[in-house]
Each structure stands twice: as C-alpha cells, then as structure tokens.
Amino acid sequence: ASNGSREGVAGAWLRTPLAPGEVITAQSGAFERDPQESSTTDEELSRAGSPGSRGGGSTTPDYGEKRLPQALIIGVKKGGTRALLEAIRAHPDVRAVGTEPHFFDRNYEKGLEWYRNVMPKTLDGQITMEKTPSYFVTNEAPRRIHSMAKDTKLIVVVRNPVTRAISDYTQTLSKKPEIPTFEVLAFKNRTLGLIDASWSAIRIGIYALHLENWLQYFPLSQILFVSGERLITDPAGEMAKVQDFLGLKRIVTEKHFYFNKTKGFPCLKKPEDSSAPRCLGKSKGRTHPKIDPDVIHRLRKFYKPFNVMFYQMTGQDFQWEQEESDK
C-alpha cells in the first residue's frame, strides 16, 4: 500500500463496496453479516420518533417540530461513538435519536419523510442529531447526505486502528464464539505476512481511504475528527471541541464526568444531581482476547502509511505510532 500512489490505491479501494457490518467467518472468504452494535429495528425507530420518547438529554415537553438532522456522527464503529452521543445528549440544546437509524446505508429507499419522522421534536435553536457509525464506510453515504443538506456537520470518532480492529473482533466473538481466531482472520497468508484487508474489522481502520470519499462532497471544515483515546482520558476537552464545532455554548464540562476505574471509561453525571453516574452498558469495555504480538506488529506496519496519510489529510496527528512505541 505504501508503494502505490494515494489516488491509485484509494481509487481501487473505493470502487470495492463494503457492506456495513460484514465479516469473513471462514477461510473460504464467504462473507456473513455481522449485526451492528445496535441492530435497530423499525419498531425501535418508530418508538424513538413517537410522542413522549426520550429523544435527547433534556426533558423537553412534547412540542416543537421534527426536523432532519443538522449534524451526524458518521463513524467509526468501535471508536467511541456511543460515548460521544451520550455526552452530547446531556446538552440542553441537542436532541438526538438513541437508536441507530441506518438511513443512509440500509433504509434510504424509505425516503426523507420516514427519516424525519424518526427524529425527536426540537424547538428553535436546538440541534437534531443521530449517529450511525457504518456511514463512514458506506460508499453512497456522502452523496446521499450531501443531497439532503450540503451544510450538514459531520463528526467522526477515530481510534488507533489496531485496537479498533481487536475491539471489533471482540464484539463479534461475544455473539459468535465459534468464529476463527483473530490471527486466522487477519491474514490472507500468515507465512508471507499478507494482511487480509477485505475483512471489515481491518478495512474500517483504513481511515484515509474512506475519508477521500467524503472529501469529494464535503469540505474538511465541515468534518470534526474526535480522538476515541482522548474521549476516555480527557472527555471534557474533546467535548469542548464538539460543542464549539456545533456552535453550542460549552455546557458539558468536566463537572459532567466521573471516571469509572472498573470499566476504564468515564461515566456521565448531572452536576446538579446527587444520583449515581450513568455509565455505558455492559457491552462496553469488554476484555480483549490476547493477540499474538507478532500479529500486532504486522498490523501496525500495515496501518502506518494509511495513518500518516490520514494525519496529512486532516491536519491532525493522532499519535497512534507514538502511543505504540511507549508500550
């Protein structure tokens, strides 16, 4: 990958569509659908859009109107999108759908009115949001979102792609214990060290190639990249950037976070409330299986040129290489 020109490599990748949530479950290379973290059903979505449902962090009464979202959390899977959504929903000027609508990848044929109806009601001045992490790797999503509203603000939560791939595999393993080991799925040829980049757990982390698709439709100024690592170590700092990007007053601050040592994640609390902090569910913070260090090393080498390309494209250094050399 590091030898080919960026355009050539990216062009080839972007012409090969990746279905959201697919995973190779056998050496034969046959693909099987892996349900997304929250495999949203129509019933859940109709409940999300029904009167009296909790569409956001504030208890806004049932008035206002349903609007198409002005901002979307578009990725990435296992990057920290749920943590970000829960934190931004604590802002009184944000109303968001708790479930993943999957409109721009799976439900597009249902039309914009269906999508609007899934949204919570908002008052003037409030922002409507949703998150579906598979949008980032869906080829049609940028064009479809641009045709809805070309000024839509986009948020991408990124995380060290090696850790992200292992987390992705861990989630699938929890649902399908019979799948092959990470080491088996990660390679086309282990002896030659050929990484199998068609496996979605690996392919999602090639952020630069997915981003090229988005930059054909949206300027970089309309995309905010949030560090999944800093969302854990400095949630208030990352949330300050998110609120600034959305044009919101900085209301969600360090007073809203409490670090849970058991889970290894910050939990949300209401500053004025003495009730227990609200933590992410048991599906978060799963213990990762032990992966052969040689496999980790080969994956780091594989991702490095793509990471460097991503840093150049975004103008941000996420320091994933530095983080690994510290270990």
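Glycine residues also receive a Cβ, built from the backbone N, Cα and C atoms like all the rest.
According to TrEMBL, the features are:
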{"type": "ACT_SITE", "residues": "LYS78", "note": "active site, for sulfotransferase activity"}
{"type": "BINDING", "residues": "LYS78, GLY79, GLY80, THR81, ARG82, ARG159, SER167, LYS284, GLY285, ARG286, THR287, HIS288", "note": "3'-phosphoadenylyl sulfate binding site"}
{"type": "DISULFID", "residues": "CYS267-CYS279", "note": "disulfide bond"}
{"type": "DOMAIN", "residues": "69-304", "note": "domain 'Sulfotransferase'"}
{"type": "REGION", "residues": "1-66", "note": "region 'Disordered'"}
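Positions of TrEMBL features highlighted on the structure.
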residue: GLY80; record: 3'-phosphoadenylyl sulfate binding site; contacts (Cβ under 8 Å, 6+ apart): VAL157, ARG159, VAL226, GLY228, LEU231, ILE232
residue: SER167; record: 3'-phosphoadenylyl sulfate binding site; contacts (Cβ under 8 Å, 6+ apart): LYS78, ARG159, ARG286, HIS288
residue: THR287; record: 3'-phosphoadenylyl sulfate binding site; contacts (Cβ under 8 Å, 6+ apart): THR170
Pairwise Cα distance for CYS267 (disulfide bond)/ARG82 (3'-phosphoadenylyl sulfate binding site) [Å, integer]: 12
Of LYS78, ARG82 (the recorded positions), the residue whose Cβ has the fewest other Cβ atoms within 10 Å: ARG82
Cα-to-Cα gap, CYS279 (disulfide bond) vs ARG82 (3'-phosphoadenylyl sulfate binding site), nearest whole Å: 11
